[in-house]
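Participant: Can you read through this structure? Questions will come right after.
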Amino acid sequence: MDVEERLKLVTRNAVEVVTEEELRQLLEEKEEPVAYVGFEPSGKVHLGHKLVIDKMIDLQEAGFHVIILLADLHAYLNEKGTLEEVRELADYNRRCFLAMGLDPNKTEFVLGSEFQLDEDYALDVYRMARHTTMRRARRSMDMIARSEENPPVSQVVYPLMQALDIVHLNVDLAVGGLEQRKIHMLARDVLPKLGYDSPTCLHTPIIHGLDGDEKMSSSKNNFIAVDDEPEVIREKLRKAYCPAREAEGNPILEIYRYFIFREYDEVTIERPEKYGGDVTYTSYEELERDFVDGELHPLDLKENAAGYLSEILKPVRKAVSAPS
């Protein structure tokens, strides 16, 4: 795989790379660069997580070594539970992520508290605090913070630590959903002041909640868990927001775009003959066009999405139900 092929794979379904020139140079200079993403072990693993894990799988196929940070201290700072509770969830996260298709030989799982309590790391937190305003630290947490009103000081420490994770894990590429962008830009601006390189960052889309909310979240109960049973998936999708002829912010269409067409070269929408019969698509764009034109009914999209998604998530259900 040449550099152009690797670049195309890395940027597939990404919202942005900061910067693409840096990414290209990285691919030209390193056969096995290191990419990382961090997750708070809290609540259910859902399609929002899978969207990012799928990108890490792309990165592995493009030659990257992948680090998955199970950010127990971050979850604690963000009021997601006690340290004991979030650490118990870390193994559940690991099993789900591997079952989604990560190559175990190219994946390194790191618990945040394994290195974030070290003296050098702590000193860097203090150094970074000297170069970061309170306003900027708070602003970087806009789409992440658990408490938006009267937040605790811990939510100011959080983005400083996330920026420092990049250098203390020796990462070449920092990956995250678009909600992480402000923290990554903070890292790019401030880390050079501490003598570190400005990190290259890649951002994935934010999938909408099933209720049409701007973000799928376990705390809002508007999600498909990756270990949901088929009948649960079907019931959730039947109730999901899917306005006829509207593509913008439509979670059902996003499921087709980011998950179903990723796994299938052809997607067949099965429906009764009196409503036009079965129709097969070879690209997401064709399906979206027909939906916007009124050729596809929301219920037909939902029913067929449930079948495809249940099959895609089958390995995860099997892994989670097996003894740990």
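A Cβ is built for glycine as well, from the same backbone N, Cα and C atoms used for every other residue.
I grabbed these lines from Swiss-Prot:
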BINDING   Y36, Y158, Q162, D165, Q180  L-tyrosine binding site
BINDING   S218  ATP binding site
MOTIF     41-49  motif ''HIGH' region'
MOTIF     215-219  motif ''KMSKS' region'
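Surface or core, plus neighbours and distances: that's what I need for these features.
Facilitator: Taking all protein chains in view, 24 other C-beta atoms sit within 10 angstroms of the C-beta of Q180 (L-tyrosine binding site).
Annotation note: S218 (ATP binding site) sits in a helical segment as assigned by DSSP. Neighbours of S218 (ATP binding site), defined as other CB atoms within 10 A of its CB across all chains, total 16.
Averaged over the motif ''HIGH' region' (41-49), the predicted model reaches a pLDDT of 95.
Here the motif ''KMSKS' region' (215-219) has long-range neighbours at 42-44, 46-48, 143, 146, 179, 206-209, 225, 251, meaning same-chain residues at least 6 beyond its ends whose C-beta is under 8 angstroms from one of its own.
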Participant: Using a Cβ cut-off of under 8 Å, list the residues of the same chain at least 6 residues beyond the motif ''HIGH' region' (41-49) that approach it.
Facilitator: 70-72, 75, 78, 80-81, 86-87, 89-90, 92-93, 96-97, 177, 206-207, 215-219, 223-227, 255, 259
Participant: Using C-alpha atoms only, work out the spacing between Y158 (L-tyrosine binding site) and S218 (ATP binding site) and round it to an integer in Å.
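Facilitator: So the alpha carbons of Y158 (L-tyrosine binding site) and S218 (ATP binding site) sit roughly 20 Å from each other.
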Participant: Do you know offhand how many angstrom separate Q180 (L-tyrosine binding site) and S218 (ATP binding site) by C-alpha?
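Facilitator: Cα-Cα distance, Q180 (L-tyrosine binding site) to S218 (ATP binding site): 17 Å.
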Participant: Have a look around Q162 (L-tyrosine binding site) and count the other CB atoms within 10 A of its CB, chains all included.
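Facilitator: Taking all protein chains shown, Q162 (L-tyrosine binding site) has 24 Cβ neighbours within 10 Å.
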Participant: Going along the chain, which residues six or more apart from Y36 (L-tyrosine binding site) have their CB under 8 A from its CB?
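Facilitator: In sequence order, the residues whose Cβ lies under 8 Å from that of Y36 (L-tyrosine binding site) (at least 6 apart) are V66, I67, I68, L69, D165, I166, L169, V171, L173, A174, V175.
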Participant: Give me the CA-CA distance between Q162 (L-tyrosine binding site) and S218 (ATP binding site), in Å, as a whole number.
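Facilitator: Q162 (L-tyrosine binding site) to S218 (ATP binding site), Cα-Cα distance: 21 Å.
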